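Enquirer: Positions annotated as heme binding site by Swiss-Prot, on the basis of sequence analysis: H284, H344. Per Swiss-Prot, the feature transmembrane segment maps to 28-48, 114-134, 143-163, 180-200, 221-241, 286-306, 314-334, 340-360; the stated evidence is sequence analysis.
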Amino acid sequence: MASQSVAGIGGRTAAGEARAASPESRRMVAIWLFVSFALIVEMFGIGAYVQNMNAGLSIMAWQPVSGVIPPLTHAAWERMFALYKTIPQYKELNRGMDLAGFKAIFWPEWIHRMWGRLLGFDFGVPLVWFLWTGRIERRLRPWLVTLFVLGGVQGLIGWWMVASGFQPGLTEVSVFRLSVHYCFATLLAIAVFATALTVLKPAETRLPPEEAARYAGARRMAMGSIVLISIAIVAGTFLSGTHAYTIDNTFPLMQGRWVPPDYAALHPFWKNFFLNKAATQFDHRLLGTVAAVGVLAAVVAAIRADLPARARDAFLVMGALLIVQYILGVTTLVSKILDIGIVHQLNAVLLLAAAVWAWFELRGRPA
């Protein structure tokens, strides 16, 4: 047993590396990573709900350990509420809020932070166990440890974002920091998902080089889809951050026009791309539509091509998720039902993951 553990941690023996590369070990590690990906996707939903509730500023301290325990007594609740009363959001937006109202915004943010801790536990504990038992191939060990560290960095970015909302004159977090927080979370989710695919389908099982060359065009279309979806997601973070979904709730026109008359209301002009509600909504509409057209074109081309079965399935899933995504976006806008918008944000990550899957299935073996 001791020799097995040493081989697992150091990976210096052929037997240890063979165990890590076995189908059983790969399956176990892949399942763990897919579960982690699912938990991260759920975190997007919780975060979106927190934002819709304007609850993100309700907890005034970042306490990774002691913050696990919420207020348990009336006096503790009053102390927490008193801290909230010191920030501009309470003074300008929520003055007169009672303790029950404060609890209503406290709990979503507390759950959001607890879910982050759960993610750290879910990723960190199995990682240690897999390393100790030699279930992870040597080439993946530094990368998986890096992913765990990046998860902690995401927590720091989250607090950096929240802290921006405590500044004088501000009643919500910085739109720019919100975008960084969301985009970093998306990158982390996709990195975990792609790593799971790598574990499940190692290099030696990929397409032969000559076959991969034949599908180079489809692979480029998958990469193009990744780029288009990513750009639309980034634009969506500024729509969400400015609450631009609260205006111009018609489709496809805005205020009876294709381009809203107040698109360039802010000066200098560049601010409109990030801080002008009309502009951020128009940009997301436009970029989302461009992404939809581009992705659908890729899916149609993939269906017509003689792709391997799994690659074809990936493109079909991407197409289905794209249609759902567009319907969710338009429905959120015209109905003003924010819960649909939460699903829209969740589905965006799944759509991007499907595009990554399609690209991954067309990769060739190393020469």
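Here the Cβ of each residue, glycine as well, is placed from N, Cα and C on the backbone.
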Enquirer: Output the single range from 28-48, 180-200, 221-241, 314-334, 340-360 maximising the number of Cβ pairs under 8 Å to the transmembrane segment (143-163).
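Expert: Of the candidates 28-48, 180-200, 221-241, 314-334, 340-360, 180-200 scores highest.
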Enquirer: Note down the number of other Cβ atoms within 10 Å of the Cβ of H284 (heme binding site), including every protein chain shown.
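Expert: I get 23 for this one.
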Enquirer: Could you say whether, by DSSP, H344 (heme binding site) belongs to a helix, a strand or a coil region?
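Expert: The residue in question, H344 (heme binding site), is helix (DSSP, three-state).
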Enquirer: Would you mind listing, in sequence order, the residues at least six apart from H344 (heme binding site) in the same chain with a Cβ closer than 8 Å to its Cβ?
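Expert: Listed in sequence order, they are Q325, L328, G329, T332.
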Enquirer: Under 8 angstroms, Cβ to Cβ: which one of 28-48, 286-306, 314-334 has the largest number of such pairs with the transmembrane segment (180-200)?
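Expert: Looking at each of 28-48, 286-306, 314-334 in turn, the most contacts to the transmembrane segment (180-200) are made by 28-48.
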Enquirer: Please indicate, using numbers and ranges, the residues of the same chain that are 6 or more beyond the transmembrane segment (340-360) and have a C-beta under 8 Å from a C-beta there.
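Expert: Contacts of the transmembrane segment (340-360) (Cβ under 8 Å, skipping residues fewer than 6 from its ends): 37, 40-42, 44-45, 48-49, 52, 186, 189-190, 193-194, 197-198, 201, 219, 222-223, 225-226, 229-230, 232-233, 236, 240, 245, 295, 302, 311, 314-315, 317-318, 321-322, 324-325, 328-329, 331-332.
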